[in-house]
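Participant: Dropping the structure in here first, questions after.
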């Protein structure tokens, strides 16, 4: 960890605990700050808050009182999930108090360079692929962010010869000031999180913060097939490395003659890749670009792609029952992810979909229903998905209350050779704490059929 003195004796407000807030507060105390921790959950129900209080921190729970800002606060470190419309953050901005997320703290203390990966879909798969390729290439990667360990915990132990590989959400990237990844990858942009950002434009600008501090000594890995991402890459001063699944890229990554190329050099045959889905070729090209920029050999990249079958809850194969294959794609929290999941299969498919209602309709899914023989909907968005399915002309449409019921109904509507796919196209928070919990419950329900 770098020697950092900028936080010594400063009053710093950590807003929202959870894993990232707990880690940030603990780090800041270690760096000599006077830490004030604030969380909306009452102290009696807040185990992490009680632990921080036991460490001698000033802990205020049960709301976000504006009076906290009267304590000569130098910096606010916010949980990514707390919107900037929260009154205490509005007041902090008015007082010109800097507001950051813990990823910013991680960057400031890290001896190791960062690779940052963002996009609406594919972040986790690309991050894991990048990590595996760098590991195979003996580049000493450590993984942090939305997957793995909280970034500022990883950064404390990261050495100069290591690489911190981190998946970054728009929520995290809104709170960066100095964060400067050596390599920044922007995979795609799809209309999402509008309840947080308001518009797709604001959402895209938040993600483009990944480029904010890059210089000509850094690299920006850009999806050349996404017009929005290409437009936002104008914010980067780094060296742009493009990737495409649809056209040849001489100075980047592309697919040609059934092989993946980087800077006109063949890296791996498509037939050697075991990860399913056309959309995953985009993720692979992005990860391959990062790996090649960091000096990983073609042999190491090929070795990873010959064994990497995917990430849990992302088109995860579950089991086969009576020649019906079950797939868990609970991470599909928006329509684009579900479109890509449906495009990955040519077999007749029974789709399970539904979840938190964020105000959007689902007509964009209709062209992707060509192989869908039945749909079972659940959650807040069930009526909207039913409407889209009716417009698509699906004959078998059901709505149920629970995911367990949905699995039973989906199996009942399937026949020999079908795919049964959970790809909700929605966030999970109407019925589940996380998409992981939703996926685990799906898997449990599937195994009950055996």
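Backbone N, Cα and C define each Cβ position, glycine as well.
What Swiss-Prot shows for this protein is this:
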BINDING   119, 120, 121, 122, 123, 124, 125  ATP binding site
Participant: Cβ distance under 8 Å to residue 123 (ATP binding site), same chain, sequence separation 6 or more: which residues?
Facilitator: 117, 146, 167, 168, 169, 187
Participant: Give me the sequence-ordered set of same-chain residues, not including 119, 120, 121, 122, 123, 124, 125, with a C-beta within 8 angstroms of the centroid of the ATP site's C-beta atoms.
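Facilitator: Neighbours within 8 Å of the Cβ centroid, excluding 119, 120, 121, 122, 123, 124, 125: 117, 126, 187, 188, 283, 337.
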Participant: Ten-angstrom check, please: count other Cβ atoms within 10 Å of the Cβ of residue 119 (ATP binding site), all chains counted.
Facilitator: 25
Participant: Tell me, if you would, which residue among 120, 121, 124, 125 (binding-site residues) has the fewest other CB atoms within 10 Å in the structure shown?
Facilitator: 124
Participant: What's the number of neighbouring CB atoms sitting within 10 A of the CB on residue 122 (ATP binding site)?
Facilitator: 28
Participant: Kindly assign residue 119 (ATP binding site) to one of the three DSSP-derived states: helix, strand or coil.
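Facilitator: Reduced to three states, the DSSP call for residue 119 (ATP binding site) is coil.
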